[in-house]
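Colleague: Dumping what TrEMBL says about this protein:
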type	residues	note
ACT_SITE	Tyr135	active site, proton donor/acceptor
ACT_SITE	Lys163	active site, schiff-base intermediate with substrate
BINDING	Thr47, Val207	pyruvate binding site
Amino acid sequence: MPLFTGVVPPVVTPLHADFTVDFASFTRTIENLLDGGVHGLFVLGSTSEVVFHDEAARRAIIEHAVKVNNGRVPIFAGVIDPTTDRVINHARIARSAGADAIVVTAPFYARTSQPEIGDHFRYIKDAVDIPIIAYDIPVCVHVKLERRTTVGLAGEGAIAGIKDSSGDDGNLRYVLKDMANDPKFFGMTGSEILVDSVLAMGAHGVVPGLANVDPHGYVKLWNLMQAGDHAAARLEQERLLKLFEMVWISLGRTSAGSAGVGAFKTAMRSLGIIASNTMARPQRSLNDEETAKVEIILRDVGLLR
């Protein structure tokens, strides 16, 4: 069977007003996800604002998550950085801190070719003995993990699976088809709004940032799809579509990244999970007017009274 499956949220990193990690809120975030029935935790992903955390903070975040989790579910750790050697260093730290797998993007800033991207993953695999999950997120790294690159690396055993946040579900479907005879390979989607569709085409898991706000909803959706109840799954997905609309509230005043993660943090604060919706600087946090709009959505979907 695939190495990892199910709902594996990219865990929000709560911050104090001085931009340091709020570990008390981080503990509540993890416990809320686990109480919701998630099947894994992905720390230091895009939703975790990974690139804003220095090496010491990254280590502390992984160690804290491992301690709180206490072996209940697998932990993925993002080791995201522009260059191979930096990623290898992060990977060694993640492994020593207790992560069960690492999540790796293509190199960025430097303009690398697909063969060079393949070598990037091979160097990391040779350097660190830990499962590697390829992270396809061209909106952030400005290069696509092409089908032939992903399938080639998987066939070599250089990667264990892929987390696809490219929005190119056709490409993911081809990868899933190409790897169908490998029982350990897994493909996961980073989409919040197409979970039912992507699971129906054969994906093995979902990595939705919105699950920080409503883990029960995504676990319910997963369970319905596993049971083959596509009609009920569609209804739950459509409820989550309404919840997802919070990510557009602050657009124009903030970037898309700030609008999305900022909305998640704002909702989590309103639900009493975290103490502050502070975003890592220079990203802007949602203001009071925007918070009120987030809370309207929370009430509409039954999460806030």
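Heads up, the Cβ atoms here are built off N, Cα and C, so glycines get one too.
From a predicted model like this one, the values you see are computed outputs, not experimental measurements.
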Colleague: At the Cα level, what's the spacing in Å between Tyr135 (active site, proton donor/acceptor) and Lys163 (active site, schiff-base intermediate with substrate), rounded?
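Modeller: Per the Cα atoms, Tyr135 (active site, proton donor/acceptor) and Lys163 (active site, schiff-base intermediate with substrate) stand 5 Å apart.
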Colleague: Name the residues of the same chain, 6+ apart in sequence, whose Cβ is under 8 Å from the Cβ of the residue listed as 'active site, schiff-base intermediate with substrate'?
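Modeller: Set apart from the residue listed as 'active site, schiff-base intermediate with substrate' by at least 6 residues yet with Cβ under 8 Å, we have Phe42, Val103, Ile133, Ala134, Tyr135, Asp136, Met188, Thr189, Gly190, Val207.
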Colleague: Just to confirm: which same-chain residues, 6+ apart in sequence, have a Cβ under 8 Å from the Cβ of Thr47 (pyruvate binding site)?
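Modeller: In sequence order, Pro9, Pro10, Val11, Val12, Gly209, Asn212, Gly260, Val261, Phe264 meet the Cβ cut-off.
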Colleague: Quick check: in three-state DSSP terms, what is Lys163 (active site, schiff-base intermediate with substrate)?
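Modeller: Reduced to three states, the DSSP call for Lys163 (active site, schiff-base intermediate with substrate) is strand.
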Colleague: In the three-state scheme derived from DSSP, which category covers Val207 (pyruvate binding site)?
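Modeller: SS state of Val207 (pyruvate binding site) = coil.
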Colleague: Look up Tyr135 (active site, proton donor/acceptor) in the DSSP assignment and report helix, strand or coil.
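Modeller: Note: Tyr135 (active site, proton donor/acceptor) is in a strand by DSSP.
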